[in-house]
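A.B. asks: Mind having a look at this structure? Questions to follow.
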Amino acid sequence: MLVLFETSVGYAIFKVLNEKKLQEVDSLWKEFETPEKANKIVKLKHFEKFQDTAEALAAFTALMEGKINKQLKKVLKKIVKEAHEPLAVADAKLGGVIKEKLNLSCIHSPVVNELMRGIRSQMDGLIPGVEPREMAAMCLGLAHSLSRYRLKFSADKVDTMIVQAISLLDDLDKELNNYIMRCREWYGWHFPELGKIISDNLTYCKCLQKVGDRKNYASATLSEFLSEEVEAEVKAAAEISMGTEVSEEDICNILHLCTQVIEISEYRTQLYEYLQNRMMAIAPNVTVMVGELVGARLIAHAGSLLNLAKHAASTVQILGAEKALFRALKSRRDTPKYGLIYHASLVGQTSPKHKGKISRMLAAKTVLAIRYDAFGEDSSSAMGAENRAKLEARLRILEDRGIRKISGTGKALAKAEKYEHKSEVKTYDPSGDSTLPTCSKKRKIEEVDKEDEITEKKAKKAKIKIKAEVEEEMEEAEEEQVVEEEPTVKKKKKKDKKKHIKEEPLSEEEPCTSTAVPSPEKKKKKKKKKDAED
């Protein structure tokens, strides 16, 4: 039986001399107590040495992934196939690949593991020609290379540098503010007008460092820092200043403070450039989405880029506003809509009405960019630029929607225009060019009004006729009551009908055409009454 043993120096193939002793697994370690005993159990048949660490790294990465290296394939074809013996391997997965590709029988068992442990303990005595110092150096180099490969370590992707840089930048800003405030107050006793004329802090300190006492402003040239107009104003103010006189020692201490301010300002500029470059190297997509400072503060708040990538979009949105969040939860009020992400340019340029909506969308896209930067192999910022363009388009739509609501053009723009085919021939309407008086719409309305007046007059005439007839009938009915002592039921009904007709108002729109005409029976009765009277 042959044994494949991998070392940091090369591949070793051993021949098992006494296979009977392999049956006793528990006592096999006793056979490898000394190099002499080990040489009685196994014997080196072939040793394939690596040329350098790169070759060793390629071989071991292939072994870890369960693949056969070209160099190993050559050794197995040359040595093992000719021997026609089974091959003992430490990895069962590797044995399956060797059996599949080279058609060699492989063995993997607890006995093989114990045999490998014994060979490893006496490796220096079993492999001649390899010095212990060389073996140790190769082991150390291969260990570093393997760990770097497995962790996919990159010197550029060290987010610890970002955490420290942004913290130092914040500290420098605080120190600069304190120093500049102290410098302005201190020198303000001597020349108070200078602080009102020069608003820039760095320019103020540079002018102060160059001139010192206000008496020297008349002869000093400040064209390096100030424009001609401001320089003339400073010189004029120095002549009529209301400040007190100070000693040379005071001026000296103020100048030392100005030197500190200038040096810290220059270092801050250098540190900001370093932070920009480091952010573009580690998280280019996050930098495009929210900027260098906001991205660095998010990473610093989470601790690292990997920790930040594990957060949800809703967490990233309110990251940095934990105090306000827990205060709102405790008092049962509305929770904050944004934290550190509020300082991003996309949220800053939005109107207050849409800040919450944009911060939510920006947090969702920023989380995608963070995960792409943390786990992706590509180092380009194309994905971040594409997502930022989408957010800007969405922001424009939201802003336009608000403008349309104010102007009232939203419904007009929402209506689809009528489709007109290009082949349609459009004719010119000449009616607009005519200067002759035409019938206006007002005249048509007047004609309609006249017709309405005519119909109303006819309706009134019909009403008057109906009323006259009803009155005549009422008089006739009264006369009949006088003549006849007992009126019949039919006459009462007729009277009721006549009263009902008198009470009902007739509509003006539909004039009543059916008039109450007396029946022929009534006419006969009237004639009889007249004859009786005669």
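Residue numbers in this text run from 1 along the chain shown.
Backbone N, Cα and C atoms are what each Cβ position is placed from, and that goes for glycine too.
When I checked Swiss-Prot for this same protein, it listed these features:
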MOD_RES   THR34  phosphothreonine
MOD_RES   SER109  phosphoserine
CROSSLNK  LYS157  SUMO2 cross-link
DOMAIN    282-400  domain 'Nop'
MOD_RES   SER304  phosphoserine
MOD_RES   SER351  phosphoserine
CROSSLNK  LYS353  SUMO2 cross-link
CROSSLNK  LYS411  SUMO2 cross-link
CROSSLNK  LYS422  SUMO2 cross-link
CROSSLNK  LYS426  SUMO2 cross-link
CROSSLNK  LYS441  SUMO2 cross-link
CROSSLNK  LYS444  SUMO2 cross-link
CROSSLNK  LYS465  SUMO2 cross-link
CROSSLNK  LYS467  SUMO1 cross-link
CROSSLNK  LYS467  SUMO cross-link
CROSSLNK  LYS467  SUMO2 cross-link
REGION    470-534  region 'Disordered'
COMPBIAS  470-486  compositional bias 'Acidic residues'
CROSSLNK  LYS490  SUMO2 cross-link
COMPBIAS  490-500  compositional bias 'Basic residues'
MOD_RES   SER507  phosphoserine
MOD_RES   SER519  phosphoserine
COMPBIAS  522-534  compositional bias 'Basic residues'
A.B. asks: For the domain 'Nop' (282-400), how many residues does DSSP put in helix, in strand and in coil?
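C.D. replies: Secondary-structure composition of the domain 'Nop' (282-400): 90 helix, 0 strand, 29 coil.
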A.B. asks: How many whole Å apart are the CA atoms of the residue listed as 'phosphothreonine' and SER109 (phosphoserine)?
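C.D. replies: Pair distance, Cα basis, whole Å: 24 Å.
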A.B. asks: Please work out the mean pLDDT for the residues of the domain 'Nop' (282-400).
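C.D. replies: Mean per-residue confidence for the domain 'Nop' (282-400): 90 out of 100.
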A.B. asks: Could you check which of the recorded positions (SER109, SER304, SER351, LYS353) sits closest to LYS465 (SUMO2 cross-link), going Cα to Cα?
C.D. replies: LYS353
A.B. asks: What's the CA-CA gap between SER351 (phosphoserine) and LYS467 (SUMO1 cross-link) in angstrom, rounded?
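C.D. replies: Just about 74 Å between their Cα atoms.
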A.B. asks: Distance between SER304 (phosphoserine) and LYS467 (SUMO1 cross-link) at the Cα atoms, whole Å?
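C.D. replies: One finds 102 Å between the Cα atoms of these residues.
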A.B. asks: List the Cα distance (Å, whole number) between LYS353 (SUMO2 cross-link) and SER109 (phosphoserine).
C.D. replies: 71
A.B. asks: What Cα-Cα separation, expressed in whole Å, is found between LYS467 (SUMO1 cross-link) and SER109 (phosphoserine)?
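C.D. replies: Cα of LYS467 (SUMO1 cross-link) to Cα of SER109 (phosphoserine) measures 128 Å after rounding.
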A.B. asks: Among all the protein chains here, how many other CB atoms are within 10 A of the CB of the residue listed as 'SUMO1 cross-link'?
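C.D. replies: So the Cβ neighbour count for the residue listed as 'SUMO1 cross-link' comes to 13.
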